[in-house]
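Taken from TrEMBL as is:
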type     : residues : note
ACT_SITE : Tyr48    : active site, proton donor
BINDING  : His108   : substrate binding site
DOMAIN   : 15-291   : domain 'NADP-dependent oxidoreductase'
SITE     : Lys77    : site 'Lowers pKa of active site Tyr'
Amino acid sequence: MSTITLNNGFEMPVIGLGLWRLEKEELRSAILNAIKLGYRHFDAAAHYKTEIDVGNAIAEAIQSGLVKREELFITSKVWNSDHGHVVEACKNSLKKLQLDYLDLYLVHYPLATKHRVGTTASLLDENKVLDIDVTVSLETTWHDMEKTVSLGLVRSIGLSNYELFLTRDCLSYAKIKPQVSQFETHPYFQRESLVRFCKKHGVVPMAHTPLGGATANVKAFGSISPLEDPVLIGLAKKYQKSVAQIALRWNIERGTPVIPKSSKVERLKENLEVLNFKLEKEDIELINTIDKKFRTTLPSLSWGVDVYA
């Protein structure tokens, strides 16, 4: 498995399995099949509400001898409603995942919301707008993330869904610099400035939604899938690969690890095979021309507020 070195010396696989929107009944087989195929990187989160199921599958894989804990790279994330309770939330995730430590812990969104004990809530106010908590600063949240490292609960910490300005702010007050910044990026939403900024400052940019959410986001958010782009379709024919493989390889080529989601064995295998070929420079440059600056994941539809405004 190809890896990338984080700024604290730990290695992170450049491709992992994203666990968002995988149904509970799919998780066990998806994780076990992925491990058998060679996956070692799994991206979970408290808000996905599946950490118990993920933990059971990982425990089964370890206890059966399929994989050793030290061979795995497990990520989870602190949800908006736990910004004032980071250490407690981290311990809760570890308990559910049946782990002694996380390889990576991320701030899921740069946004604190009203806390509700024991839940990852997205509480709405009387106007059906996300009830944002203005009493907890992102600086406070980050210093609490640093505590999870000093307590030995977490090896690496990072950001998720942070824009460039907020990433810069974090770098200014961080005692432990973020190792990773995870955000949506794909051929239709390339975010080259953010990618370059992260790399310049030693933060590994990681692509969630690296396929633009494919049909799931088309259905959920009415977005346009980059997998239907004629340029990518043409390159898929040239390389005799799938369109998804071309999109994933493009991100990896620019130093951006990817965490595509799938529960199907053939798709899991196909996604992993992006490590076995390279794109020619001229084709990378061609993909660079199809950027539409098009975000496909739109939480504003359920939160009643555009948090990216």
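One-based numbering along the chain as shown.
Each residue, glycine too, has its Cβ placed from N, Cα and C.
Owing to the predicted nature of the structure, the values given are computational and were not obtained by experimental measurement.
This view paints the features noted in TrEMBL onto the structure.
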residue: Tyr48; record: active site, proton donor; CB count, 10 Å: 22
residue: Lys77; record: site 'Lowers pKa of active site Tyr'; CB count, 10 Å: 27
residue: His108; record: substrate binding site; CB count, 10 Å: 22
Original post:
Between Tyr48 (active site, proton donor) and His108 (substrate binding site), what C-alpha distance do you get in Å?
Top reply: 11
**OP:** Measuring Cα to Cα, tell me the gap between Lys77 (site 'Lowers pKa of active site Tyr') and the residue listed as 'substrate binding site' in whole angstrom.
**Re:** 5
